[in-house]
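According to Swiss-Prot, the features are:
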TRANSMEM  8-28  transmembrane segment
TRANSMEM  38-58  transmembrane segment
DOMAIN    218-245  domain 'PLD phosphodiesterase 1'
ACT_SITE  H223  active site
ACT_SITE  K225  active site
ACT_SITE  D230  active site
DOMAIN    392-419  domain 'PLD phosphodiesterase 2'
ACT_SITE  H397  active site
ACT_SITE  K399  active site
ACT_SITE  D404  active site
Amino acid sequence: MDYHSPYFFGYLIGLIHLLGIIAALHAVFTVRTAQGAIAWALSLLFIPYFTLIPYLIFGARSFYAYIQARRQANQEMHVAMANLNWRPWVEEALTARESDSYAALRAMPKLGRMPCLANNEVKLLIDGEATFKAIFAAIEAARNTVLVQFFIIHDDTLGKQLQRLLLRKAAEGVQVFVLYDRVGSHALPGSYSQVLRDGGVQIQAFATRRGWFNRFQVNFRNHRKIVVVDGLRGFLGGHNVGDEYLGANPHLSPWRDTHVQIAGPVLACLQESFAEDWYWATRQLPPLILPDTYPENGVLCQALASGPADPQETCALFFLEAIHSATRRVWITSPYFIPDEAIFAALRLAVLRGVDVRVLIPSRPDHRIVYAASSLFAFEAVRAGVRMFRYQPGFLHQKVVLVDDEVSAIGSANLDNRSFRLNFEITLLTVDRAFADQVEQMLQSDFDQAREITAEDSRDTHRLQQLGMRIARLISPIL
């Protein structure tokens, strides 16, 4: 090709515009929200020079290859588990008890791919020391299988402690599987994984760029945090593996986070979620274990695994259903507050119904752009009657929802677009008065250590700061 030809740049410009038209049509048919489809289509039509590459990275909203992998994983699981017949046994033997509170969440049985199961033991783990003490104790007692999944694993003091423990269990003959997100754990050196592999631990990165059609899909993340030991003890919540989660970062310390420890039939669902992700990463299935018996009573639980491979926006719809079902209160804590229009409208409607609507967010930023966008949404929420609070002692990273007097949810999902549409998340929904009372006490303690945001805070914000907040909000759908 003659790059010096007077026609070369004309051909190049024409090609870019043609690709822009094709991408715009793709956006119209695939982007889930009307606002997003319009924004992408117009920008691709008129300024494709600047938007084609960002669209390849940020435009896709459905992880199509993972959908196919999930189908294959389910087929493989059905074959592998044919003798055990594990999931039908759980569903038939341990059906959910009658619950008016769960009945109020009318969409949940169909929204969640996993069943609501009774007779679970659930324990709150408040902050990092309690969380990792419980996780390490469970792994120490492992006899058969350990499944470990985190968004972030650091090669620091806590990370090395986990590494040594897993190596010791693998040397004892325990099957150990470790899955981490490639982007979230981008700072993890290859030597960390290699030491584990050399010691008999099966470790793999969850990467969304498998295959040619997914090579640009770097905007998806696997944000789940799951640990299951011998099918007897499970853990999920907000903590990752890093010293900062124990308060070692002076700029964010003390770190406020919440995990939950689980025993019971719902662990089958946590194992299923891990198995799907592991199958995507390795095309193999880990062993899935169920104990012979369960307690005769306990907490009603549903594991809600959500992500961009779902046929609908499971995470966003869960928040909507939870807020709409509230008759007395809905308390939410999240490190990021970037609701979409539907969630924001649901919060406003709950206020109009007389519901006590409270949202607790951090007073310190870990990501300044996200913090700026969250601040603007917080000011608008206050004007709508939502009570917004900033946690004062340190950084708040927990993801907790409390609805009325029985329903609570703890997991990895934030109240933002990334969790709604881009991340793979896991949340545990619980329906139990006694456990909800514990969650209430925990959150009330957090609110007692928070400062309520007022309308005056918005008026006192400098105009340049407000401009920065509005710019941050413009890009909030991809934050």
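Here the Cβ of each residue, glycine as well, is placed from N, Cα and C on the backbone.
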Worksheet entry | Residues in the domain 'PLD phosphodiesterase 1' (218-245) grouped by DSSP into helix, strand and remaining coil | 3 helix, 12 strand, 13 coil
Fill in: Between H397 (active site) and H223 (active site), the C-alpha gap once rounded to whole angstrom
13
Discussion item. Six or more residues beyond either end and a Cβ under 8 Å away: which residues meet both conditions relative to the domain 'PLD phosphodiesterase 1' (218-245)?
Written reply: 57-58, 60, 63, 125, 128, 131-132, 134-135, 138-139, 141-154, 156-159, 162, 179, 181, 183-184, 206, 208-209, 252-253, 255, 257-263, 266-268, 270-271, 273-274, 277, 288-291, 305, 307-308, 397-399, 410-413, 418-419, 422-428, 478
Worksheet, complete the sentence: Averaging the pLDDT values of the domain 'PLD phosphodiesterase 1' (218-245) gives 94
Worksheet item: Considering only the active-site residues D230, K399, D404, which residue has the minimal Cα-Cα separation from H223 (active site)?
Response: K399
Practice prompt. Calculate the distance in Å between the alpha carbons (Cα) of D404 (active site) and K225 (active site), and round it to a whole number.
Written response: 26
Fill in: Spatial separation of K399 (active site) from D230 (active site) - C-alpha basis, Å
26
Worksheet item: What are the DSSP helix, strand and coil residue counts for the domain 'PLD phosphodiesterase 2' (392-419)?
Response: 3 helix, 11 strand, 14 coil
Discussion item. Measuring Cα to Cα, how far is K399 (active site) from K225 (active site) in Å?
Written reply: 12
